[in-house]
Amino acid sequence: MSESEVAGQRYRVGYALQGKKVESFIQPSLLDHAKQHSIDLVQIDPTAPLQQQGPFHCIIHKLHTQHWKNLLQQFSSKHPNTVIIDPPELVDRLHNRVSMLDAVTHLQFSLENATIGVPKQVVVNEPKSFDLHKFEEEQGLRFPVIAKPLAADGGAGSHELCLVFDEEGLHALSVPMVLQEFVNHGGVVFKIYVAGQRVNCVKRKSLGDITEEKLKVLRGSLPFSRVSSLGVEDEGGGAVEDAEMPPQSLVGELARGLREALGLNLFNVDVIRDGKEPTRYLVIDINYFPGYAKLPSYEPFITDFLLDIVRSKTA
């Protein structure tokens, strides 16, 4: 394709998102920036046939109903040149907190001054009768632990995380959970945003460190939203602004490795640095189609990604 053809080419990118996601992601600044760079972002009505709303060079989406998946499959079979970001069956892997981290354990890359892994964790289907001490002997998993609903599908309950300090707190839980070891990490989480080949890492405030003295008096469990009431968040000491960023080589390799292993383009990775071993990094969560608008200059970040996709398909 000649440069003159590329210069005159416009691309239609359809988006199918829930109302809140439209408000946060499809901001006027993104629409304008994309439009200035030959991309027209078009809202898709998921209740109407896609055939009547096209043509599309690319479709981005974050809807999980079976009806939507069927619509997408039917449209894709008739329009194989339309790029679907991303295939629903691959996105589904991130809806389970065990399968989402499986990909990390199979990554094949070596870093000179750092290691990457996942925290120890176990699935608990019946929290009321679970005995963590057995797993303490076998796997070294001990209190405190972070309890996360097994389902990470974006539903109301999937974000209800809590810190569990003992058996009493564990038995008070109800839904199937993943218990993940709590690792002191200086109160900072590194969020690696991925959009295809585009990668951006930012640091954010996280749960603070918990001292051995504090552990002696903590009982039961506490939702993340109330952890600050314990004074725990200030135990770690290091402020977010003072935290050193992970090596760029780690950020780039982790993004590339997960993009290939998951087969996905739009996701972010939550990474912490072990407070006891500063070269040990742990992936604690992977989210599909995260809040990109929180990134500085997210408009060119997303627009450049979309251009990468549509131009590679039409080249």
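Glycine is treated like the rest: Cβ placed from N, Cα and C.
Looking up the ranges 133-159, 214-240 in Swiss-Prot, the one annotated as region 'Catalytic specificity elements (CSE)' turns out to be 214-240.
Among the binding-site residues ARG97, VAL183, ASP270, the ones whose Cα sits within 10 Å of the Cα of LYS191 (1D-myo-inositol 6-phosphate binding site) are ASP270. Ranked by CA distance from LYS20 (1D-myo-inositol 6-phosphate binding site), the binding-site residues ARG97, VAL183, ASP270, ASP285, ASN287 have ASN287 at the top as the closest.
Straight-line distance linking the Cα atoms of ARG97 (ATP binding site) and ASP285 (Mg(2+) 1 binding site), rounded to a whole number, equals 8 Å. Reported as a whole number, the C-alpha separation between ASP285 (Mg(2+) 1 binding site) and GLY291 (1D-myo-inositol 6-phosphate binding site) equals 14 Å.
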